[in-house]
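J.: Pasting in a structure now, in structure tokens, and then I'll have a few things to ask.
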Amino acid sequence: MRQKLVIGNWKMHGSLAANAALLEGIKAGAAKATLAVCAPFPYLAQCQALLNGSQVAWGAQDVSAEARGAFTGEVSASMVGEFGCTYVLVGHSERRTYHGETDQTVAAKALRALEFGIVPVVCVGETLAQREAGETEAVVGRQLQAVLDALTVEQLSRVVLAYEPVWAIGTGKTATSEQAQAVHAFLRGQVAARDAGVAERMAILYGGSVKPDNAAELFSMTDIDGGLIGGASLKSADFLAIGNA
């Protein structure tokens, strides 16, 4: 039985004061799922200070594909690791769309995170046009395959996947539980072709307008192991409610 995992993605939101209130609220609650928050880089030290010793993990929203060097503005996995990060998001659709990240770049970032003991949360997903054209499996399959090709089975065993239909992020639209389950099952099957044991243990999260009122139905699906939560992760009550769905 896979333990549910709920990760909050704050995106480019937050302030020292607001974060403190949010994190204290999350810490004060309890959840059935494992909880984590992925904060902007400047707030990782604050997360470490406030969450260290708690049941809530923390992580970053991106990491460089490079280990070190003359890469102005980049943040390396070793730097992120110094702030106690458990997770790092790689390949979020907003990074792919706005920063031109390729499948190969995403795979390189996942590999770099693993080298420094950080769990990469590899995000895959299709646009509305791709879904309507019947290309969902081809698109997410290609995105996942780049990662499968770059990692050993042992490395793959330390990866979390997240399916985030681009058309359901921040739009208020949500994939039906059946639509989401179908893609999750497809992704697990693709991992199983590489290693069945890894596939059975791998957490595959759903991201796309998850809220307290739809989380339970989504999380009841066989291959949905939790959520990657955007807007609802900025309110402690909503985030905890999802963690208890």
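Cβ atoms here come from the backbone N, Cα and C positions, even for glycine.
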J.: Given that Swiss-Prot annotates ASN9, TRP10, LYS11, SER209, GLY230, GLY231 as binding substrate, state which candidate in GLY25, GLY29, GLY170, GLY189 belongs to that site as well.
T.: GLY170
J.: Test of understanding: give the count of other CB atoms lying within 10 angstroms of the CB of HIS92 (active site, electrophile).
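T.: Here the count is 28.
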J.: Taking the residues ASN9, TRP10, LYS11, GLY170, SER209, GLY230, GLY231 listed for substrate, what is the greatest CA to CA distance in Å, to the nearest whole number?
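T.: In whole numbers, the farthest two Cα atoms are 14 Å apart.
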J.: DSSP three-state call for ASN9 (substrate binding site): helix, strand or coil?
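T.: Note: ASN9 (substrate binding site) is in a strand by DSSP.
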J.: Which is it, of GLY170, GLY230, GLY231: the one of these binding-site residues whose Cβ has the most other Cβ atoms within 10 Å?
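T.: It comes out as GLY230.
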